[in-house]
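Residues annotated as S-adenosyl-L-methionine binding site in Swiss-Prot, with sequence analysis given as evidence: Gly78, Phe83, Arg150.
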Amino acid sequence: MTDQLQGSPVLAEVLGDALPKLERFHAKIAEEGEPRGLIGPRDVDIIWERHILNSAAIVPYVRNATNGIRFKTVADVGSGGGFPGLVAAACLPDHDFTLIEPMERRIEWLHECVGLMQLQNVEIIRGRSDAVIQQVRKREIHPFAVVTCRAVAPMTKLSGWTLPLLKPSGQLIALKGRSAQAEIDKAGKEIAKFGGRRPRVVEAAVGPDLEPTHVVIVDKR
């Protein structure tokens, strides 16, 4: 089945120099994603828009968050099939990405994709975010400038899984659906508890003539 955007000039316009790497990623997930439980059967012909371009929508916000920061470190929580972590890493080769994922079969997939895409800026950790949070608290690893995620959990839970990973003045950048504003309205207490402030929703461009997505941004005190 051919992807609806295959060969479209939109891909080069949005993805730029990352396109060759992401074409290899697209081919792999189009062939293996459904049987390996990474995408649904109805996604096979819309992988570019629903998964890759949707993930790339966070790239300008990550760049903005790390502007002027020497160590541009990004943690991607619940990386799953590589959305948004692998896509963002391909688009931002000057940033160091740590993909955090608890499931072994998804860890295997991520390692395969990192090799296929020849990404030199990605580290993969098998584990839950709370284990990595403990490493940050014990100063075994440095906190991150940015934490990203997509379709992991509602903000009431996500706040505690992500905000403690951030350095002061860092940012959580989370891809969300249409209920994003309702989620942050409901999670005000949890956001504040874990050091977050100024939660807001932005409408992020996916590509020309494509439906935009929603991104939640939370600053770390």
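Cβ coordinates are placed from backbone N, Cα and C, and glycine is handled just like the others.
Features as recorded by Swiss-Prot, highlighted on the structure.
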residue: Gly78; record: S-adenosyl-L-methionine binding site; DSSP (3 states): coil
residue: Phe83; record: S-adenosyl-L-methionine binding site; DSSP (3 states): coil
residue: Arg150; record: S-adenosyl-L-methionine binding site; DSSP (3 states): strand
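Looking at the residues that bind S-adenosyl-L-methionine per the record, Gly78, Phe83, Arg150, the two CA atoms farthest apart are separated by 9 Å. Within its own chain, Phe83 (S-adenosyl-L-methionine binding site) has His51, Ile52, Asn54, Ser55, Arg150, Ala151 as residues 6 or more apart in sequence whose C-beta sits under 8 angstroms from its own. For Gly78 (S-adenosyl-L-methionine binding site), the same-chain residues lying six or more positions away in sequence with a CB closer than 8 A to its CB are Ile100, Glu101, Ser129, Cys149, Arg150, Ala151, Val152, Ala153. Cβ proximity to the S-adenosyl-L-methionine site centre (mean Cβ of Gly78, Phe83, Arg150, cutoff 8 Å) flags the following additional same-chain residues: Ser55, Asp76, Ser79, Gly80, Gly81, Pro84, Gly85, Thr148, Cys149, Ala151, Val152, Leu175.
The Cβ of Arg150 (S-adenosyl-L-methionine binding site) has 27 neighbouring Cβ atoms from other residues within 10 Å, across all protein chains displayed.
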